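Enquirer: Sharing a structure here in structure tokens format.
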Ligand SMILES: C[S@@+](CC[C@H](N)C(=O)[O-])C[C@H]1O[C@@H](n2cnc3c(N)ncnc32)[C@H](O)[C@@H]1O
């Protein structure tokens, strides 16, 4: 489909110069490799190339959640792609599902959830901070996903309004204080997937989960090591992210049913 005003696009110049922009008439894109009048992108296709003012070629790519991760505003601590992708995988969510999330933060997990549940699905995201939800709203709008998301400015520890949801995702300081509500609103067999940065939080959360009818309870950590690839010198990079956090997952059961 040809690009139009308001569409987001990745301008990929080289591996170190990857830019996420929105097409707006009268706006210019600029980098050390050259500039580009963004209105000239209207009518072009994702995957095609353009010439910057210097003659350098750039590719126009369709934004993915990873481009959002690299290119959008993030006033809160955000989840890393390695954790987001695993959390979504183990939750089993799919197109058309309804999921609840807290807290919204910068909306980075929300973007991937909205991307996964598709146009017929729904993400309901809770946060206690209006400024966070404002940023998340902007980020989701940038990705063209805003219409799949309902924002609730509410403390999720006070209760969850939805019923029969397919999965719940928690990235907040004290998830154990909302487990009872999570259990109430999940469909049988539905997943709760929780991210916590410290070991103490794992223990408190799993102990609380064990008070309710949940099965398939796991606490896991994902470690990713990136390699520098050079002839005769290929080895792990010596700088990188050492620790992000832990993922706790469980599925709702109905005892004695
Ligand atoms: C680390 S951020 C979430 C980041 C988000 N997952 C992302 O990837 O962008 C944690 C958020 O939880 C919110 N929060 C903390 N306690 C909460 C509660 N009881 N109910 C709802 N949101 C809460 C905070 O305001 C903050 O925005």
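Placed from the backbone N, Cα and C atoms, the Cβ positions cover glycine too.
Fair warning: this is a prediction, and the values are worked out from it, not measured in the lab.
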Enquirer: Per TrEMBL, which of 97, 127, 184, 213 sits in the S-adenosyl-L-methionine site along with 106, 107, 108, 109, 155, 171?
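Expert: Record source TrEMBL; matching candidate: 127.
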Enquirer: Mind giving me a neighbour count for residue 171 (S-adenosyl-L-methionine binding site)? Other Cβ atoms within 10 Å of its Cβ, every protein chain shown.
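Expert: That number is 25.
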Enquirer: The record names 106, 107, 108, 109, 127, 155, 171 as the residues that bind S-adenosyl-L-methionine; what is their largest Cα to Cα distance in Å?
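Expert: Overall maximum Cα spacing for these binding residues reaches 19 Å.
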Enquirer: Fewest other Cβ atoms within 10 Å: which of the binding-site residues 106, 107, 108, 127, 155 wins that one? Let me know.
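Expert: The binding-site residues 106, 107, 108, 127, 155 were compared, and 155 has the fewest Cβ atoms within 10 Å.
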